[in-house]
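> One structure, pasted below without further comment.
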């Protein structure tokens, strides 16, 4: 986990981030994630977000139809922003419950320990861990869980079934069709299978109206969003991702799920949730944990690699002391203990796996023989049902292909990309053609970032973020009536009258339009 660019600054909270699996976070990252959750709980923002989901628990375009995935993507974006306002270095992690489903009893997973989501008393109340004694929206002094009494967690077959779909109608699915709907029901649709996890956790997580009381909700839905994005990358071109929506058929879905229906309570329509901007600009997902016979480790002390002879190697959640580890006696399956006669008991853990050092190739080895030397193969899952879906596509590294102020295009025309490379290549990447834009660069009156509307509501159009917003959020900031060149002149003159230029050479041939000091405006810091 971590941001693509890091550091302090008023807009560092908006840097693209990488969401990782909950157990793959470092201890420091996890502790900061828990601290941010508790800060939002204390200041009331967590409950406000929970109430926002409660309000669309029924009779809305958020559940029971094609709007389910787009609505929750927009909702998660807003949750992401709320957390980054507390700690810009964190991103909402995802809970890959497949890792827990492999266990004899998933209730014994390390996930339900004080280190992660906490433990419950005999009544199901969460009384330990980072979310202990959290008062719910209904006034109960504890979060309620009823683990394992209904439903089931995700399994790999369900994830791969989503990946196999070739029609958008079976992903943005009709999950509450009426008689006469021409599309057969797809019971493997994400909305259906994701509901099983709500049932399995139980308690507050069971009904949509109370599910966001439990922070597990956000991590579960991040994984659902992750699966959807894997499918989009695998099955749709970039253009199709933003265009393909399930047909608006009243016999198949409530009109609130239609593509141009309002995404209540947001000032958007449902198809806006298809935007590439979410993963271009806000976050991307780290690959799901995996292992192989050659690399039998999962990269986390809270996971272990099940590489027994009769299974394809895969990562599994470690088991709490006292938990059921039947079948895993030969593996490092118990956290801070060993698996003895089907139970995790305290004791020395098996030595961690260490890679062996390859023998050097003799100097006399010919090119032909060197070419046939066997080297360790990488994990490349096939498309069988047992193969994890995280490598279904190779996601290209992402860059914030934006300018940091409204003068970049002018400076580019005046040759500053060549004569002032150190500055321009850092702050005017788009103008200098150093990256591939994913935005409309021909229309000045447009929002170039998916979060512009929310930043406007948060007052970012003025203050320290002004220049970034004047370049990238012109529609939201109400600047469409002013040519961007005029904005550049006005902003530059205003900045020069307030402070001296910083110790960097100003672009040449600008006359009175000198480079405004925008170091504090970019998405990240100079030492990122």
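Even glycines carry a Cβ here, placed using N, Cα and C.
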> Would you mind telling me which of 351-390, 391-430, 431-470 TrEMBL tags as region 'Disordered'?
351-390
> If you average the pLDDT over the domain 'ShKT' (445-480), what number do you get?
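For the domain 'ShKT' (445-480), the model's average pLDDT rounds to 81.
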> Helix, strand or coil for residue 401 (disulfide bond)? Use DSSP.
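For residue 401 (disulfide bond) - judged by DSSP and reduced to three states - the answer is coil.
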> Let me know the most crowded of the disulfide-bonded residues, choosing from 401, 435 and counting other Cβ atoms within 10 Å.
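Of 401, 435, the one with the most crowded Cβ is 401.
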